[in-house]
Every structure is written in C-alpha cells, then in structure tokens.
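The structure under discussion appears below in the form of structure tokens.
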C-alpha cells in the first residue's frame with residue numbers, strides 16, 4: 001500500500017516502448033500559442049526599437065554641446081571635440097556633482113568647443129583690458145572665445161558680454177570636457193572661496209581620469225597578446241580537465257572528499273584547542289555585553305558551538321560516504337561517461353560561443369534601444385541669471401524658453417544667458433517613455449532567458465543522442481549538435497519561450513522588489529525590513545527552483561518532443577523517484593566543477609602573476625615580460641577571462657551530466673537487460689549496479 005501511494009505521488013515509472021531509439025525525430029510543434037505570443041512580442045520589441053531610433057538622438061549623451069547647442073566633434077565642430085567651460089567653478093557653485101551629471105554636465109557658464117584643452121595657466125591682466133580680442137586671444141593662439149567674436153572687439157566688451165574667458169587653467173579632456181588638473185590653484189577671482197576650491201578638487205578627483213585611462217590603454221597595448229596567450233592556456237586546461245575526467249574522475253572525487261573531511265577535521269581540532277584554552281582561563285559568555293560582537297571570539301561558548309557544528313557536518317559526511325557509497329560510484333561513472341560524450345562531440349564545447357554571441361546581440365539591442373529612448377526628447381533651453389535680484393533683472397522672465405543661438409547681449413540683466421534645462425517630455429514617444437523602457441527591460445529578460453534555454457535544449461538533444469546510441473560511436477548521428485539545433489528551433493521555440501517567460505516574470509518581480517526596497521530603505525522600520533528580506537529570499541528560492549525545473553524540462557523536450565508542462569512534470573516526477581541519486585550526483589558534480597574552475601583560474605592567475613610581475617627569469621628576449629604601469633591589470637584580465645572560459649566549458653559538461661543522468665534513470669525504468677529490452681548504459685554502470693545485458697553490444701562480440 002505504501003509503495004503504491006509513493007508511486008501515485010511521484011508518478012508511475014516509464015513504460016517500455018519498442019520504437020524508442022533516442023531523441024524522437026517524428027515530432028510536432030509544441031506550445032504554439034506561446035510561440036505566437038513570443039513572436040508578436042519580438043515584433044513589438046522591434047517596433048519599440050524603431051520608435052526609439054526615429055525619436056532618439058544618442059549624440060545628446062555621447063557628445064557634449066556648447067552654449068549654442070551645437071555638438072562638439074560633429075559637423076562644423078568636427079575638429080573641435082572638447083568642451084571648455086569659461087568658469088568651471090560655476091558648476092560647483094550652483095549644483096552638485098550628481099545633478100551636473102544627470103543634466104549632461106551643463107553649467108550656468110558659457111561653453112565653447114575647442115580643438116585642444118588649455119595647457120598652461122593664464123589670467124586676464126589689467127593692461128590687457130583695453131586691447132582687442134585679436135591681440136589678447138587670437139594672435140597668441142588662445143582660440144577659446146565663442147564662435148563669431150570679431151577680432152577688433154575690445155577685451156572689456158567681450159568680458160562684459162561673456163564672449164571670451166577671463167582665465168584659463170591647464171586642463172585635460174575627461175568625458176569630452178576640459179577639466180583642470182587636480183594640482184591647480186584656482187585664480188584669485190571674486191566668488192571663489194575655499195569651499196568651492198575643495199568642491200572642484202572633488203569634482204576633478206571624480207572625473208579627471210585621463211592619466212589613469214591612458215596608462216591602462218598603454219598597458220593593454222603592451223600586453224594584449226600575452227593576455228590572449230593566458231586565455232588560450234585557460235581554454236586548453238579546461239578542455240584537458242574535462243577530457244581526462246574519464247581517467248581520473250574516481251581518484252579525483254575521492255581526493256576532494258577526503259580533502260573536505262580533512263578540512264572539517266582540522267576545524268574540529270582548532271575549535272577544541274581554542275575552547276580548551278578559553279575554558280582554562282574561565283572566559284565565559286556571561287562576562288560579555290550583548291552588543292560587544294567582536295569579543296565573542298574570545299569566549300569558550302563560541303568555539304564550543306563551532307566545534308559542535310563542524311562535528312555534526314563531519315558525521316553527516318561520513319554517514320553519507322558509508323550509506324551512499326554506491327550512489328557516489330554511480331555519480332563518478334556518469335562523470336566518466338559525460339567526459340566520453342564530450343570527447344565524441346567536441347563541437348559541443350564551443351557552442352557557448354554561439355550562446356555568447358546571441359546574448360551579446362540581445363544586450364546590445366536593449367542598450368541601444370534604451371539609449372535612444374532616453375534621448376528621444378528635444379533639448380530645452382531657458383533663461384538664467386546668477387543673481388535675479390540685481391537691478392535690471394526684475395523685468396526678465398527667468399526660466400523662459402530661449403534660443404541658444406541668439407545671444408542675450410542687449411539685456412540689462414548682468415550675466416543673463418540661455419542654458420540647457422533638460423529634454424522635452426511632449427510627444428507620443430516621450431509621454432510613454434517609462435512604459436516603453438519597461439517593455440524593453442521585459443524584452444531583455446525574456447530574450448536572454450530564451451537564448452539560454454535554446455542552448456540547454458540543443459546541448460541536451462546532442463548528448464541524449466549519445467546516450468541512446470546502443471553501439472557507440474557507430475550509432476551516434478553524424479551531426480548531432482546541428483540536428484539538435486535545427487530540431488529545437490523548428491519544433492520547440494514556443495516551449496522555450498514558455499519556460500523563459502515564467503522565469504522572466506519571477507526575475508521582474510525580484511527587480512520590482514529591489515526597487516521598492518531601495519526607495520523605502522530610509523523610512524522603513526525593522527519589521528518592514530524583515531518582511532522585505534523574507535519576500536526577497538522567497539523569490540530568490542523560487543527563481544532557483546524554476547531554473548532547476550526548466551533545465552530538466554528542456555532535457556525532456558529535447559528527447560521526447562512534448563510540450564513544456566508535460567516535460568516539466570515528467571522530469572520532476574522522475575527526479576523525485578530518484579531523489580537520493582539526484583542529491584548525490586548534484587553535490588559530487590558541483591564539487592568536481594568547483595575544483596576544475598579553481599584549477600583553471602588559479603593556474604592561469606599564478607602563471608600570469610609570475611610572468612607579468614617579472615618573477616620568471618631566463619625566458620629570452622622574445623618572451624620577456626612587458627614593462628607595465630599596472631602589472632595587476634593584465635593579471636586580473638587574464639583571471640576574469642579564464643573564469644568565463646572555464647564557466648563556458650564546464651556549463652556544457654554540467655549539461656551533459658544532467659542529460660545523461662535523466663537518460664540513465666529512464667533507462668533503468670524502461671529496460672531490464674533482457675534480449676528485447678537491453679540497457680543503453682555503459683558497461684561500467686552495469687557493473688556498479690550488478691546488472692548485465694543478455695545481448696552484449698556489437699563491440700563486445702567483435703572482441704570475442
């Protein structure tokens with residue numbers, strides 16, 4: 001009765017099907033409604049991109065504008081890519097850094113496009129005031145006045161109308177703007193106080209990254225080929241590690257498990273020694289205040305609790321080794337079988353490049369669409385005066401729209417100018433800008449999840465064709481990866497879109513929750529914070545579970561061609577009927593892949609460190625380490641690249657293990673080793689399970 005209830009709860013075992021010979025070829029389209037919805041959504045996503053392209057202008061973000069609204073580095077200012085502020089200190093006097101950045105770094109001061117930033121300090125002298133602009137500026141190659149200022153205009157008049165700067169500071173371009181060097185002393189001008197000097201210093205520290213960026217560029221130019229060499233080493237190490245698992249999987253897993261046991265044993269010993277010393281001293285938790293958290297490491301109860309926890313973990317691991325040793329052997333055999341499958345289909349190891357390119361396209365399309373949408377409005381300019389209370393400014397309508405091309409030179413209000421305010425919010429695209437951005441974010445998540453689902457389903461189809469080949473490698477299809485790719489796109493686009501949509505909705509909920517938490521962080525009470533953390537934790541667990549369910553559902557889709565819901569149900573029931581095997585295989589695989597990543601990334605990191613730091617001597621002139629400003633830069637780049645390469649390779653191997661595992665579980669339920677129902681698993685797995693086929697494989701017959 002209990003066995004029957006268990007079967008009803010976890011589903012019935014798979015029945016034998018004499019026509020089944022691996023991934024079904026005669027299949028139909030699945031989840032057609034989801035496929036149609038996904039295609040309609042993609043068409044809408046394309047329309048959003050077209051609307052953004054029509055109304056948007058990314059030049060508003062990529063290029064600075066001068067006081068007339070013209071772009072620096074484009075059109076008539078093609079040879080003048082940098083923007084110079086006449087009075088950079090007004091940026092600090094009237095706004096903070098974040099406001100300046102969000103307003104396109106616009107400041108209430110005249111701005112002019114220049115071909116190069118000032119290289120030396122200069123301040124207007126009293127004797128130069130009666131002279132002409134030609135004598136003070138143009139003749140001395142100080143081409144920093146606004147366009148169209150005549151050379152015969154007096155300097156005094158140009159200063160009164162703010163057509164030319166009254167001082168210059170040695171500057172360097174950053175973000176397309178000329179920012180003074182950080183070691184400059186501001187000139188002695190009215191309105192420049194010590195606080196403003198400190199503020200401009202902070203601005204310079206934030207934005208003036210020219211020296212660092214140039215050095216970084218030089219380092220990459222000097223070391224890029226060595227970085228590529230390090231990445232090639234990572235690729236070779238990853239591939240060798242996976243291919244050699246068929247030989248060393250058993251000993252390697254044993255060494256890793258013993259290593260974990262050894263670490264726990266040392267932790268128990270260390271905790272006991274600390275506990276014994278503190279016990280003899282009489283250091284107890286009763287002597288501490290509750291808020292003195294740093295002192296908990298100096299009381300005996302802390303080390304006793306840690307000792308108990310480590311001892312329990314050690315005991316659980318030892319019991320697992322004793323009672324689950326058979327399942328550990330099965331997991332090791334499946335790892336060896338996965339290594340053989342990858343060796344037979346090496347093209348699968350490079351499929352992550354296809355996934356990477358598709359992901360890059362999705363991200364680039366979303367980024368460009370978001371950029372165009374953000375710049376879909378026309379720039380708006382308004383009148384501004386530094387002091388609206390001065391005589392002559394009462395009759396001026398400040399904050400009124402104006403044309404930056406028309407200079408406010410005849411106004412009686414001192415310092416009146418037309419400055420940038422923001423982008424207009426009128427028009428259909430601008431009024432629905434927020435909704436379009438939400439649509440774009442949803443499109444980003446959905447397309448990214450669909451691309452990842454496509455990769456998982458394609459790889460599952462290729463590896464399933466390896467397992468269900470009775471005589472390996474003779475019965476393996478000629479192009480298993482290509483066939484699986486075409487089959488998945490042709491029949492199961494809707495199923496992949498369905499699974500990706502479910503995951504996308506959960507991820508969007510997490511994004512909304514994070515946004516709400518960020519907005520309410522300063523006002524919520526501890527109870528609300530606790531509730532928010534619980535919601536976030538639940539959504540995180542739900543996302544992990546859906547990823548696990550989707551992954552196994554895609555394997556079933558690749559093998560049987562059923563729709564998403566049926567495939568997810570069958571996969572989940574199959575795993576629940578073999579829950580102990582699932583846990584053991586999952587943990588053994590995680591441990592092995594973690595060690596593999598550690599080996600590849602650590603090996604490349606150590607090699608890069610010794611090479612780029614010049615610690616390897618005697619390699620000859622051709623292999624001499626380059627002279628770098630920051631030798632850690634190529635090291636970190638090599639480590640990061642090695643991690644991504646190892647993750648790509650091991651993700652394929654992990655998918656192979658999961659696919660072979662599900663096929664193995666179905667093989668156990670579907671077949672019994674008889675002449676009519678032989679097992680498809682390897683001879684190593686048959687020996688571990690104590691089973692055999694009455695009809696041996698063809699290669700065994702040939703040996704006889």
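Yeah, the Cβs are placed from backbone N, Cα and C, and that goes for glycine too.
Source: prediction; values computed, not measured.
Annotated in TrEMBL:
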- 32-55: transmembrane segment (TRANSMEM)
- 224-245: transmembrane segment (TRANSMEM)
- 252-269: transmembrane segment (TRANSMEM)
- 303-324: transmembrane segment (TRANSMEM)
- 345-368: transmembrane segment (TRANSMEM)
- 450-470: transmembrane segment (TRANSMEM)
- 491-513: transmembrane segment (TRANSMEM)
- 553-576: transmembrane segment (TRANSMEM)
- 588-612: transmembrane segment (TRANSMEM)
- 632-665: transmembrane segment (TRANSMEM)
### Query
Sequence gap of 6 or more, Cβ distance under 8 Å, 3 or more pairs: do the transmembrane segment (553-576) and the transmembrane segment (491-513) meet that?
yes
### Query
Between 252-269, 345-368, 491-513, 588-612, who has the most Cβ pairs under 8 Å to the transmembrane segment (224-245)?
588-612
### Query
Is it true that the transmembrane segment (32-55) and the transmembrane segment (491-513) have 3 or more Cβ pairs under 8 Å, skipping pairs fewer than 6 apart in sequence?
yes
